[in-house]
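These notes are about the structure you will find just below.
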């Protein structure tokens, strides 16, 4: 059962009422009979007075009542005995019957029903004679309040009536409302049904008890409205209570409606709105308001690195969260479900005593509870969310905040269970109980050993690509021998139990979400113990915790079943698109009451869907206590930026298609546009949405390289192997009988090692091509241009030097040099001729291959940029991103041809290889290295700060994704200026993508998820795509 | 006009530095694609002793397209017409970007040494050379003295 951080112990209520009761209490002795059950020391608070103009008389004659008379308000029917005159307060028979109908079957059903409908509220004179009744619209809720023992009426007066009375005539009465002490009792305590969940449960229909709670709440709300009582301060002050009662709010007020929805949330998740940037901003603002003033904490001496001030703050916060020390971040927030009200001064005797302090009281707008104590927003879970990234574009400066370091320092600093914990039942046993209740023990054979073994190890769950990085980072940040971490992942994972158990030497176990989900499947299938879920971890840390944002996913379920005393979720995006995203994290953290989905949904999700500001506010308060958010642009208490990263220069290089590429692209575009136009005309865009997306995808490929869209009918056998130089010479000799040529071919090949001039452009040949027939050379561009010119004239290709032919483009031999030495850009007309440095191993310094690889504008641009880079910095490191692995394939060939050392990581790369690749790439070396990444696989987690050049080969719909990718390089640890280059082809779809990116980046991402969604935003985006 | 390609600059430079025997080529200051050229009549040819002026222009797509060359000095030669136009295959369809100003001018110099009346441009001169070579050569020498010798 959920424990609601809640208000009032009745003890507190009574003590506070004792302290200041006397002033108000004096003057109401007279009407005591309406409320004789209340003990005198329990104070009744004046709440306000309201006029009822349409009460009506039930009697005839004079002497019963006249204007100015004091009147009483009673509830029970005159036919029934008035056992004590007392009882307006409440044990209204009808209600009683309802309440206990289940327990007391002897009460006739019919009577109960009738009683339920009874809302009669009687007006009596001081002698107890009934002379009239309240009108139905008032009595409907007044009766409830009286029944629930919440209010009483004292000092009410008859304002106007006919004398003598006539039956049915109008009465105008003034009613003064006092709130009874019993109202502040915890409501469920009085009920025998206390095992029923207090909040709208996920167990199905509303119980009687819940119905009563709801009645009470509705009645209270109407009372507040009638008395014009508004929330006075606290987080709810700016929240319009009046609107709360309006129909808009009904969804919150009608949890019965919400309950059935809970079971099939996924079905209607699509309807949920995506948070706008502003909303997210607002949400987070609160969560970090106090951060600058937070205390700092030194890490344990075992920790090998030095923390920055903001990291020390974070450590302090995390440590406090774990040890349960007083809130590191002062939490003065009112619990989100509560609103604060002030008791109005009691006007009795016509005097208002201004010296009396205003007394606040609190009203739970969700449950209808009342309290005199300040209901503080708090939580019981040990752990929290470490958000290190902003979620939406524009503000993306945030990755690389050193979350690994933070976790490492926390592991080092807080390693032991508190004595209290060791003494008491493990946190986990408590949890177990709860789980058993929920998960229905019948379905799961009870495990032999119910007491799970407690480990002092921390379990880290991370995406597979990051496992090794975690491991090495943890080692790096710890003094030697002080921390044992191992990766538990892959096919041959060892017996976790023995590893963790036997000698208890492991401090950290690192595993992947995939492994966890697989283990969980094992758990669900068999009755066997599955160690990872059996061990109670000292601490569980989820890296990239948004991996389990969908609470119904296997991963999420597995994560929820982990046992641990301390829980942390690290994520760049606690809320990806929807407030619901947050739920899984709260669930993992076991952050009650929010970890109950139905509760979360009715308090947060549904109100948000109804555009209620309250929802955002609730989330704010939740986050305030549980989330520490770090972003690069945040400043510490001295106003310094908490992270000082080197600057980043972003350049967009606009390229022009070659005419061939242009014609290919244009024809594709025309087809797509025609299709789109006809679909628009017939209103079918929505239905064929995915089809259009596919066409767009083709266009985006066409921009990169024509062969990505062309039919692969020709044999695409590209030679990736180099041609043996000696073999080539031999071949040439065989073809020419002239003995002289033997040395000639040799000379030609040898000459390649020098900077030779192209006979056509007179430049030193950057990429010499050899014409196989005659061994004449030319640079690539020149010979290709010449051959093209000849073919335009309808002539066969031939060598420009000796006219030998025919020469075909793909027969040319390409010479790829090892770009080893610093090339001096020749400024003068006469280039300095330098002998090439000795090529390494093969002693040749170049390789020769057939020119059967067709490049593209973008590819050429990349290659040229890389060459330039190499000239400037012979050992540069660059990262190349594309979202198309097929394009990466082509880039791979291009880099190979350039003889550049490259590494590649995409979705299909094995974990081990990923690790290797990253390690190799980061290794210092005199050679340039290039890392190719698919945008999706490489967008998160990786640390590639060795590089400081980034090339984005294509643009993504959502610039935030691109930004995350760039931040692989531009993050803590980066010491140089980061240069980012986007390649964009002019007058293509890419320009429009940029346009959309700018237009509304957050929405776009959603719009193009392509689930057949047809909201206007995505259609709008499509129109941009095909605009003229 | 677009910036001058490096090739043209280099060619100019090299023509200056190591000019072929009997040939000069100077670009105009205001148009570096336009050259004033002189070719000395080769020894043993009817044009010996003369210095012939030519103009040479490098078109926009040079070296993919051949340079345009024309004699300014009147010359009596079967392959050169009255307007100074030259009939030389490498200046037409046999052009190759591997050729240069230097090679073109050397070819023209060679053409002076060995007139080819079988592929005439100036038909009357060609006819003259074919029918009475001696007389035609004398005519060439005469013209050389008359037009191609300074002073």
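Cβ coordinates are placed from backbone N, Cα and C, and glycine is handled just like the others.
TrEMBL entries are annotated by machine, without manual review.
TrEMBL assigns the feature region 'Disordered' to residues A:235-261, out of the candidate ranges A:127-153, A:154-180, A:235-261. In TrEMBL, the feature region 'Disordered' is placed on A:193-214, out of the ranges A:193-214, A:281-302.
Listed ranges A:52-73, A:74-95; the one TrEMBL annotates as region 'Disordered' is A:74-95. Assigned with DSSP, the residues of the domain 'RING-type' (A:758-803) fall into helix, strand and coil as follows: 13 helix, 7 strand, 26 coil.
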